[in-house]
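Annotated transmembrane segment per TrEMBL: B:12-36, B:95-116, B:136-162, B:191-213, B:225-253, B:260-279, B:314-333, B:391-411, B:417-435, B:480-500, B:532-555, B:604-625 (among others), in sequence order. The region 'Disordered' feature in TrEMBL is assigned to B:633-668. For B:645-659, the entry in TrEMBL reads compositional bias 'Acidic residues'.
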Amino acid sequence: MALEPSESTDPTEPSDPIETTQQRTDTPLLQTENLVKRFGQFTATDRVDLTIERGEFRSVIGPNGAGKTTLFNLITGALPVTAGAIYFDGVDITTLSPSARVRRGVGRSFQISNVFGGLTVRENVRLAIQSVARDEYTAVESLFKPTDRYDELNDRTEAILERIGLAHVAAEQANALAYGDKRRLEIGVVLATDPELVLFDEPTAGMSVEETQETIDLLEAVLVDQTLLLIEHDIELVMELSDRITVLNGGQILAEGTPAEIAANQDVQNAYLGGMTE
Amino acid sequence: MASELLQLLVDGLTIGVVYVLLAAGLSVIFGVMNVINFAHGELFALGAYFALALIAPFGGSAFFLALFVAPLLVGIIGVGIERFTVRPLYGRNPLYHILLTFGLVLVINDLIYLIWEPGSVTLPLPELLSGSIAALGVTASVYNLFIIVFGALMAIAVWALFEFTKYGLIVRAGAQDRQMVRNLGIDIDRYYSLVFGMGAALAAFAGIILGGYQTVNPAMGMSVIIPAFVIVVLGGLGSFRGAVVGGLFVGLVQTALRTYAPIFEGTGIFVLMIGVLLVRPHGLFGTDAADEHTGNLLSGPRGGFLDPQTRTRLGLAMVGLLALVPLGAGTLYSTYAVTLVIEIIIWGLFALSLDFVMGYTGLVSLGHALFYGLGAYTVALGLAHVSQSAFVVLALAIVLSAVIAWGIGFLSIRVSGVYFAMITLGFAELFYNMLGQLDITGGSDGLFGLSTYYGLAGVGVELDEIAVFLGPVAITGQSLFYYIALSALVASFLLTRRMLNSPFGAVLKSIRENEQRATFIGYETTVYKRRAFVVSGALAGLAGGLFTLNAGYATPSLVDWLNSGEVIVMVILGGMGTLYGPIIGSGIFFGLEELLTGFTDRWRLVLGTIFVLFVILLPGGLVSLPSRLAPALPVTPGRGPNPEPEPESNPDPEPATDVDDAHTRGDD
């Protein structure tokens, strides 16, 4: 199969008429160049060139084993790359640690249980705020000054708590939250790290139709300013939400385009969608 | 020269084969069940003692009988251990198995002392295996050759069992995916018992054949367990091939060092292990598949029963009460009480230092005695060479311990979980062996006859000179030291508590709860863990320094790995992740010891049993007892004891990320 979408390798070419933020439209927010990941003999990510513009809602789909999660792990730094490069905001982040990437603005959301279960809701959010605000305080302060005396941090924490609608349960243990509230907290923690790009790994896996809709509403409400990159199995959802879709197969990019283009793409239909779209 | 090498080969292989059998059992148990079995050395010793008991009535010719019956018996004991102590812990972090089996070490070792005579005994050998063969300029005893051949056959048999039988297939499959095998309708638990039993039997074989080669003594388990771990870690936990290669290699290296460079005999293998782990964090043949993604060490809220105000008052009352102790000495009770409480305070500080890393970042340091000993020796050497001011040498001890902790942390914290425990153990053992060999540290005798004063720049007092009498109350130097130690403990507690309430402490707690998440909100977790390790090392150094100031000596035994184990016992007994729990743990530990030694020399047996029960039933320690009991009480005092929910009720549909969220039950 051919590496079809040659336009994605060219960062200067403006992609779709999607709303890009005003400040800087010259460089794409995220760009991978010839990204390769091998596990022994197996190539999980095969020369992937991915370009994501500011403000875009991009989804990555593909059959099981297509290399979606590996691609995510490469972008967030959870796995080292075998070859190729990753640029974020025009800067090469290929060798940065996961935490350094977070501080540059690459946020990652996990599945629901991935919060600090034994800490309170407020502590969860404050930890994320504190992480990005760390340079504002001296070493001595951060070692010895009690957290409740950082007024500015606490104000920001309360603001996030308001925004995700969890202010009323701020003092509860995260473990004690109801299902939907945990989801909110998870997203709130990501939001609190002030990301420009947020990666979502199947945020609606295992959810009912209503829960899925609630989660999507929340994403759209809270993360309006962010660029989103989503892995998702639910094709309908992806078609409905995405500005652009990238289809992976066997570690390679099979196709890329608007939902309509993807739905019409014969390669995609053959390899992945089969008869699912009419 | 060639014959000398050949002799070396024969001797090295003899020990090597014993190591292979020992390490194979350890490694298989870990590979299949993720259990680090510290009691393996004691099972090894049990094998030798059972053989001794079996041979005694019949004489040497019963050796072959014993060679098969004793391992069978030990195997049955192994099955029992798995069934009743290890099994309740599956699903918890493998570090709990270290704690559990450490308790078993205390129990079994004391049982051996209880049943058999202390001291070394020779295991009678049959005529068939006595005598020697001379060939190629080498004289080898028949027994040497027997060990090599028999051991090799056993190793091959075990390998074949796993490789070619249905039993082996099921066990290997179970190691890959326990649940899947269960879904196939196989009772995997039964197989686990058998694997544990088999590992125990292998250890017994090793114990018998080594007992025949050297002697049988109660300390033999302690003396092989550390090398056995080095081998398993070297080869890669869970790798059978690694155990074989590592065992033979270490046997040969040890023999060669003994012959050519006796100075490095003790240290060589630890340098080797540390070196290998730094280059290959999962050992030579290990894979990261065996990494612990099986449950957090201890997550969730702590304490929770008393409201903060009551707790503060209670703490103040405790300190006040402790401050009164020296006043009654010599009148209300003997001055020994002060000595005892000083010991509790110093070890309480030591346990608190460990809790700071173990309870708050999940790093289980199995070599924390290193810092204790380092502080002790710094004070001893400082008094001899730098200054006689107690404050100056204590400051030196803190600084040096912090620096060394940074270095060890820098090297070790990149390896995770069980391997971290092993590498810290390796560093401690290395230090222990160095202390025994260097002249400057006084060799195995240590340093003693130290004198000091309390003050700065030559102005101060010597405690021995002090004796003030106020009516019936005598203020002695000992009492003054008591107050110094108590102040150090209180100050350390307040300092660490302050740190834990700071942003730094918040990050530590987040690492304990969920390290992966902490990374993905932007924290370089290794940096934070290293800082915590430095704080911890410095406080442990302070504790060790206080010990030497008080006792007036420092010996290598301060760094014995049993000390590292016992301080973990105190932390768990009292309650990990609470700071004050470990101090209480120290009090209970020494209190129990004091109480039990009145009745029996075998107090470790009782203590070990209590510890085992704690690990199984009350992993949150004593301080978690009230909130555990609270729901059962009709009226809950204070401000509502537990807002914490039942942690098990986790609605997570499937743990699709690689962080396991199987919470332990010790959350309260």
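Every residue, even glycine, has its Cβ placed from backbone N, Cα and C.
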### Message
Using a cut-off of under 8 Å between C-beta atoms, tell me which stretch among B:12-36, B:314-333, B:417-435, B:604-625 contacts the transmembrane segment (B:391-411) the most.
### Response
B:417-435
### Task
Sort out for me which stretch, of B:12-36, B:136-162, B:191-213, B:260-279, B:532-555, has the most Cβ pairs below 8 angstroms to the transmembrane segment (B:417-435).
B:260-279
### Message
I'd like to know if the transmembrane segment (B:191-213) touches the transmembrane segment (B:604-625) in this structure, counting it as a touch only when three or more C-beta pairs sit under 8 Å and are separated by 6 or more positions.
### Response
no
### Task
Mind checking which residues of the chain, 6+ beyond the ends of the transmembrane segment (B:12-36), have their Cβ under 8 Å from one of its Cβ atoms?
44, 82, 86, 90, 94-95, 97-98, 101, 144, 147-148, 150-152, 154-155, 158, 162, 171-172, 174-175, 192, 195-196, 198-203, 205-206, 209-210, 213, 224, 227-229, 231-232, 235, 237-240, 242-244, 246-256, 290, 292, 294, 418, 421
### Query
For the transmembrane segment (B:191-213) against the transmembrane segment (B:136-162), do we get 3 or more Cβ-Cβ pairs below 8 Å once near-sequence pairs (under 6 apart) are dropped?
yes
### Query
So which residues does the transmembrane segment (B:260-279) touch in its own chain, when a touch means Cβ under 8 Å and the partner is 6 or more beyond its ends?
227, 230, 233-234, 250, 253-254, 411, 415, 419, 422-423, 426-427, 429-430, 432-434, 436-437
